[in-house]
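Read the structure below first, then the notes.
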Amino acid sequence: MADKMRDGLFFAGFMCGTSLDGVDGALVRIYQGKIDLLAYEHHPFSPRLTNWIREILSENMTGKPTFQYWGDLEHLMSETETSLMSSLCSLSNISPSDLNGAGTHGVTAYHRPSPHEPPWENPEITTIPGITLQISNPYRLSQKYGIPVVYDFRRADVSVGGEGAPLATLFHRAAFSDPHENRAFLNLGGIANLTYLPAFSNAHQACLSFDTGPGNMLLDLAMSHITHGEKTYDKNGQRSASGNVQKSIQDFLLDDPWFSKPPPKSTGREDWGKEKFANLLTFLKNHPSVPDNDLLASLAETTAAGVLSGFRWLDSKPDLLILGGGGSYNTDLRRRISRITGVPTNTTERFGWPPQAIESMAFAYLAALTLSGRPASLPSTTGCSYAVIGGSIVPPQNGSLPARLREICLAAGIHLPFPDRATPPEFRLPESGPLFSEETGKRQ
């Protein structure tokens, strides 16, 4: 059995991304400025199940009633996560009683962070703030393993004007920053998002994060369309690599005004999902027949062009682009990104971590931040009004949460792995003393 105060904090994280191909689970140790991956496992969904989830979520986007399926999806997620937790503990030889907590992202059902007018007439409510909704059932995980579980990470950020994404910025900063080299981390999930990681010696530069546009989403939809649902992705980019880029397709997609919008910005299935792909197919009907592999090549090139477009907002061109997420396994996509940006690329395997493990590791880390009273997002990362502690907490049923929180807070310094000079002022904590004032309830 581990001595948590001596051996660090042990957290699990679970993520189901916009590709909807399964659930990733990671178990990490956070200790003395380092993050160690103890175990990782991916629970895949069958193509049929993935297509079912995509269908009910896309119908939700168009206003069709799909709420009756949300409970089914919650149950699917909770059972998958509890099974993954058992595997992670077994793989890492960690007892569930040694766990400090877990973080689960859930499945994003709807993400619309910009304010909008209400669908009703009410003089008292003229504007509705941004909306983000993730489907998950964290109670099963907490009850089975007796640990606090953090969920609903995005809503706190959106409620104070943030985009609600990307949220993994501080994890990227902790895991991949370098004392002297400017780096960037590119997560290639269904949506691509970029985190600029200035060298610690360039502490005056902001740690910036934003979405760059579609990652694998349109590519996966195209592959499913081409194969009539038999395949949900182009393995290693084999087919896109043999195709030719059609400028008309690129122009159609890159003409979207979203690409010229400055950060902070986020996007999702609402912008680059089935509706967008259907519009693309309609557009192609008015053009000469496009070979399937040319379509895939054009979509891969569009993803790369979106990344290049995002570079304009960075303080300086990064020296290294670190790739994570499922799309980093796509060798053709990697080649296109490196060529079009002119920046050397490497996957997270260089750091000893599987690319597909990064998101679940991030939500384990974010859970640690939440339970120790530290913010997960900053104005420079999501556009929120101020640094925000993200996530809701499900306490364990054994009533041990106060003791757990005290333990985590006492050990919390171990998950501030970057030097204080590179830590944003609003993220710093006092050298000693309580995290919150007993008189005001506010952060010291």
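Cβ atoms are placed via backbone N, Cα and C, with glycine included.
Residues or ranges marked as ATP binding site in TrEMBL: G17, T18, S19, L20, D21, G22, V23, D24. Positions annotated as region 'Disordered' by TrEMBL: 421-444.
TrEMBL feature annotations superimposed on the structure.
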residue : record           : Cβ neighbours (10 Å)
G17     : ATP binding site : 24
T18     : ATP binding site : 23
S19     : ATP binding site : 23
L20     : ATP binding site : 22
D21     : ATP binding site : 24
G22     : ATP binding site : 20
V23     : ATP binding site : 25
D24     : ATP binding site : 27
ATP site shell beyond G17, T18, S19, L20, D21, G22, V23, D24, criterion: Cβ within 8 Å of Cβ centroid: M15, C16, F45, G189, G190, G326
Assigned conformation of L20 (ATP binding site) - DSSP reduced to three states: coil
